[in-house]
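> Per TrEMBL, the features are:
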- 23-472: domain 'Major facilitator superfamily (MFS) profile' (DOMAIN)
- 65-86: transmembrane segment (TRANSMEM)
- 93-113: transmembrane segment (TRANSMEM)
- 119-139: transmembrane segment (TRANSMEM)
- 148-171: transmembrane segment (TRANSMEM)
- 177-198: transmembrane segment (TRANSMEM)
- 210-229: transmembrane segment (TRANSMEM)
- 235-253: transmembrane segment (TRANSMEM)
- 274-299: transmembrane segment (TRANSMEM)
- 305-323: transmembrane segment (TRANSMEM)
- 335-355: transmembrane segment (TRANSMEM)
- 367-383: transmembrane segment (TRANSMEM)
Amino acid sequence: MTSMSAISFEPTDGMPNPGRQRAIIAVCLAVLLAQIDYAIANVALPAMGTDLHASASDTVWIVNAYQLASLSSILPLAAAGAWLGYERVCMGGIVLFMLASCGCALAPSLPVLTCARAFQGFGAACMLGVTSALIRFIYPRKELGKGVALNTLIVGLGMALGPTVAGLVLAVADWPWLFWINLPLGLLTLLLAATSLPRTPRQGDMPDPWGVLLCMLSFFGLGLAGNGMAHADGITLTIAFLVGGLFTLLMLVRREHGRALPILPVDLLRGRSFRTAFLVGLCGYVSSNFFIISFPFALHDHYNWNATSIGLMMLPWAFGLIASASVTRPLADRIPAGILSSLGLLCTMAGFILLHLLPDTPSAFDVLWRVGLAGLGFGIFQVPNNRAMLLSAAAGREGGASGMVQVSRQGGQTLGGIGTALTLRLTANGTQDCLNIAALCAAFAAALSASRLTHGNGGNPRNIRKARNPDR
């Protein structure tokens, strides 16, 4: 069912200050809340498993439930944002996240904790699925790169702070306090969101319930299949999840064909500029997760470094992301994404290659500057590429574009995690092979990004009208 509002609406060109500053603070706090909690649970898994009398393999589902729930619901919730208003979905997500945090803190058993973590994932998806769309309404088009850069900085900060916050909390309290601390931050975020976020117009009709169900089943099935392949679970069950996920995805594409506001935005992917930016983002995040997951194993197995040293060696990646977001903030609005993102990915590739060439007994400095170089390049790549995705979407499709930004991130991270697990299990030199694959993925993404210079406007910020009506 189509609606004229779905195809004719053009967002106002940003908010005036100081309202813009308060609104972006609310968005950043929502992103920080979701990102920290994703990273925070990893550190606490051993303590949770011991307290709940669960095995290590079962305890991993505390993380998997959050990730699968978030990934499977991102696009339906982005579509709900277009229908209900993006700020309403964001605030609903904050409330759900806080309630689920209470459930996690009070959970008496692993099944209850896993269920509560799934609801946390849904709450996080409400926030993350609409943040890019909200940024599009908060900032004028000519300054959109600043908003995207700030969002990228907060994502990196959340991932960096998560393990540190977890370690500090666990040093003085039990693991339930990892979830209780979400309440004051959540209440502050909700207050700011309610008083400062722009009131976005409602576009189109209610999302198709059957489409929502098919979308969630397809992503959930594919995620379970990937988890089965990564951890060598039963082959029959893994194949069943894979076939089921692909079948429901095909049904979803057929059902959504021709809709003005499809839940799975295949209409956006038909545009070459948007499709290229999406694929560049997906490949970039595959590359990053091959490195992030495998390199700590390399430091432990090949160089015999302890856990504390390994954690310190990975910090420059997050600091590089944060530093590059500040540097890229003014450049993304002036330099085409085809140039800036490609240079960032080549810098990341160089960092991975240099890490592969580490001496047999590297010093801390040998590792630190190489990891920092890779992180710096990765941050440079993200900002202009995400900006290009948002501006390549047609008017009225901010929700679909916002959801796809998150799908490129979470989908790439999921594929990278699966690929890393398979590589570590199936190859003799797993950690070194993972670095090689990470470098190859970054190189491929850089080449794909540079191809934008040969068509359209290369992600040129000075030709926004053309970017919002990409070649078909």
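Any Cβ shown, glycine's included, is placed from N, Cα and C.
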> So which residues does the transmembrane segment (65-86) touch in its own chain, when a touch means Cβ under 8 Å and the partner is 6 or more beyond its ends?
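Contacts with the transmembrane segment (65-86): 6, 37-38, 41, 93, 114-115, 117-122, 124-126, 128-130, 133-134, 137, 199-207, 211-212, 215-217, 219-220, 223-224, 261-265, 396, 398-400, 402-404, 406-407, 410-411, 414.
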> Contact between the transmembrane segment (148-171) and the transmembrane segment (274-299) is defined here as three or more C-beta pairs under 8 Å separated by at least 6 residues; is that satisfied?
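No, the transmembrane segment (274-299) and the transmembrane segment (148-171) are not in contact.
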> How about the transmembrane segment (367-383) and the transmembrane segment (305-323): at least 3 CB pairs under 8 Å, pairs 6 or more apart in sequence, or not?
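When sequence-distant Cβ pairs are counted, the transmembrane segment (305-323) touches the transmembrane segment (367-383), since at least 3 lie under 8 Å.
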> Determine which recorded stretch among 119-139, 177-198, 210-229, 305-323, 335-355 has the most C-beta pairs below 8 angstroms with the transmembrane segment (148-171).
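It is 305-323, which has the most Cβ pairs under 8 Å.
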> Considering only Cβ pairs under 8 Å, which range in 119-139, 210-229, 335-355 makes the most contacts with the transmembrane segment (177-198)?
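The stretch I would name here is 119-139.
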> Within the same chain, where does the transmembrane segment (119-139) have neighbours whose Cβ lies under 8 angstroms from its own Cβ atoms, ignoring anything closer than 6 residues to its ends? I mean 6 or more beyond.
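Apart from its flanks, the transmembrane segment (119-139) reaches 11-12, 14-15, 20, 23-24, 27, 30-31, 33-34, 37-38, 65-71, 73-75, 77-78, 81-82, 86-87, 89-90, 92-101, 103-104, 146-148, 151, 197-198, 200, 386, 389-390, 398-399, 401-403, 405-406.
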> Looking only at the domain 'Major facilitator superfamily (MFS) profile' (23-472), what is the mean pLDDT?
85
